[in-house]
Amino acid sequence: MSSNATVTAKEILSLSFSLDQFFLIIMGMVVYFMQCGFAFLEAGAVRSKNVTNILIKNVMDSFVSGIAYWIFGYAFAYGDGGKAQKFIGATYFASYDMPVDQYASFFFQYTFAATAATIVSGAVAERCEFIAYFAYSFVITGTFILLLKTFSYFDIAFFGFIYPVVTHWAWGSGWLVDGYNYGGDIGQIAYQDFAGSGVVHVLGGVCAFIGAALLGPRIGRFQKGSNVVGTLRGHSVPIAALGGFILFFGFLAFNGGSQLTISSEGDGAAVAVSVVNTIISASFAAFGSLIINRLHIFGNTWSLLVTINGALTGMVAACAGCNQMHPWSSAVLGLFAAMSYTLWSTVMKKMNIDDPLDAVAVHFGGGITGVILIAFLDKDDGILFNWDKKSGLKLGWQFVGLAAIIGWSALFSLVIFGILKCFGVLRVPREIEDKGLDIPKHNEPAYPVEAYGHGHIEKLIQILERQPMVVTQGYTQMAYENESYTTENEFQDKGVHETPETSAAVRIRNGTPSNGYRTVLTISNGTTPSTSDATKM
């Protein structure tokens, strides 16, 4: 009887362990699918001439991160650092001597590392060199290798490990997770960041800010000598919205999966609380962002993209303490996240820093909101529930952790982006930026000319040879045979396009030819293509 009981206990223990492994793998797969969400969101938010470029960067995010995190990142984050354990790990390089039971943990943590790198790609979209992308992705997720040639040999110096080191501090065995023991009734106080408001999102937001600032704005984004902010519209709102929905889905696993186990008592409830609080925070943040943007001072429109970004900001803010809040607290958090998103989006524009995806506002703004407010909203020892010294010290540790993450990521971001800029490999040349990165860099236009059917005016290749700086592709309504069209059918794209010097206007005029419908493109500098360039429908 005793033997049978022992065997049963071992089987239960084995089953529990297998359930935890399976839980991490499944949650990691869902988080990995967020790469698809980022890809669609960014593809829809950029112009059609740069879609292939932004997609290949998102595809490579997961693979560059896979190489870097496998070789260096996981070792720095969760390895045994010996005497340097409070600062960094130093075992399991390239999974050497790593126990098989840690493979699930490696995969789950790798998906988080890939997310941190992807945040940056949106902020530097449409003008960043491909080689520069590889460099910063490798640095953020693993380490950066500098080859120094001295006479007849190479020295390899490892000097930049942004995300893994911060992970070790806050989630491994580092100084932030250990905190400080104040003794007495207070006891141990440490930095709190359940799913990475600070570790993932503030870090990624800081890197995105530095990258966008050093890279400079896209051509036509800010008018020199004035306060005019040009609207460089993305080419597809539906694609961006699809990406947003995929990210909403992925965030539920991002936060819920951060429980890391599912077999222990209370694990299921903790996952449920995390998921519920995440969706509530997102809901209030989305609604708050929509209403704020409807105010005349911020835009006076019911914006879909602002609503999506607002919801994402609410989810980012919930990461810090979604497992430790009441649902009403997450609602309050969501409203503050909406205000934070609007504030940082406005600040970025005022500073003339071009962020096509509002990545800094979403991730940095939402991240700092979550890290700070959990010190107030934690249901066990938050300031709103326990107005005492312990809750005050908790807030202090949140600021300490925030300062450490911002300082570390800003320092190494300045180093890597600064080096790339000094060597002239950070930004693409102006002529390539004007024409778009898809064809010059990849020879794979997302929407090739020959793919267009009847009803579109498509003389882009011939016209670009004459006026590559100012012409964008135009569309008109279909013309029916024997119908007469007047100047009332004139359409004008009022958006700011490639160059501020040309006023960026491309006008499409409808004529009344005797045998059908003809469209003439009028270039903003006054030149008009010959009648042979007109398209007959």
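Keep in mind that glycine also has a Cβ here, set from the backbone N, Cα and C atoms.
Unlike curated records, TrEMBL annotations are generated automatically.
What TrEMBL lists as transmembrane segment is 22-41 (among others).
Residues of the same chain lying 6 or more positions beyond the ends of the transmembrane segment (103-124) and with a Cβ under 8 Å from any Cβ of it are 20-22, 24-25, 27-28, 31-32, 34-35, 38, 41-42, 45, 54, 57-58, 61-62, 64-66, 68-70, 73-74, 77-78, 95, 133, 136-137, 140-142, 163-164, 167, 196, 200-201, 203-205, 207-209, 211-212, 215, 254, 257, 260, 355-357, 359-360, 363. Among the features that TrEMBL reports, transmembrane segment is placed at 103-124 (among others).
Residues or ranges marked as transmembrane segment in TrEMBL: 130-148 (among others).
On the 0 to 100 pLDDT scale, the model's mean across the domain 'Ammonium transporter AmtB-like' (152-447) is 92. According to TrEMBL, the feature domain 'Ammonium transporter AmtB-like' maps to 152-447.
Sequence-distant contacts of the transmembrane segment (194-216) (same chain, at least 6 residues past either end, Cβ-Cβ under 8 Å): 112, 115-120, 122-124, 127-128, 136, 140, 162-163, 166-167, 170-171, 254-255, 258, 274, 316-324, 348, 351, 353-355, 359-360, 362-371, 374, 401-402, 405-406, 408-410, 413-414, 417-418, 421, 426-427. Here TrEMBL flags 194-216 (among others) as transmembrane segment.
Residues or ranges marked as transmembrane segment by TrEMBL: 237-257 (among others).
The transmembrane segment annotation in TrEMBL covers 269-292 (among others).
The transmembrane segment annotation in TrEMBL covers 304-321 (among others). Non-local neighbours of the transmembrane segment (304-321) in the same chain are 41, 45, 192-198, 200-201, 234, 237, 240-241, 244, 247-248, 251, 254-255, 258, 277-278, 281-290, 293, 330, 333-334, 336-338, 340-341, 345, 358, 361-363, 365-367, 369-371, 373-374, 377-378; each lies 6+ residues outside the stretch with a CB under 8 Å from one of its CB atoms.
Taken from TrEMBL, the feature transmembrane segment applies to 327-347 (among others). Long-range contacts of the transmembrane segment (327-347) within its own chain (CB-CB distance under 8 A, at least 6 residues past either end) are made by residues 276-278, 280-289, 292-293, 298, 309-310, 313-314, 316-318, 358, 360-362, 364-366, 368-370, 373, 377, 379.
Residues annotated as transmembrane segment in TrEMBL: 359-377 (among others).
If you look up TrEMBL, you'll see 397-420 (among others) marked as transmembrane segment.
Here the transmembrane segment (237-257) has long-range neighbours at 23-24, 26-28, 30-31, 33-34, 36-45, 108, 112, 115, 194-196, 271-272, 274-275, 277-279, 282, 304-305, 308, 311-312, 315, 318-319, 322, meaning same-chain residues at least 6 beyond its ends whose C-beta is under 8 angstroms from one of its own.
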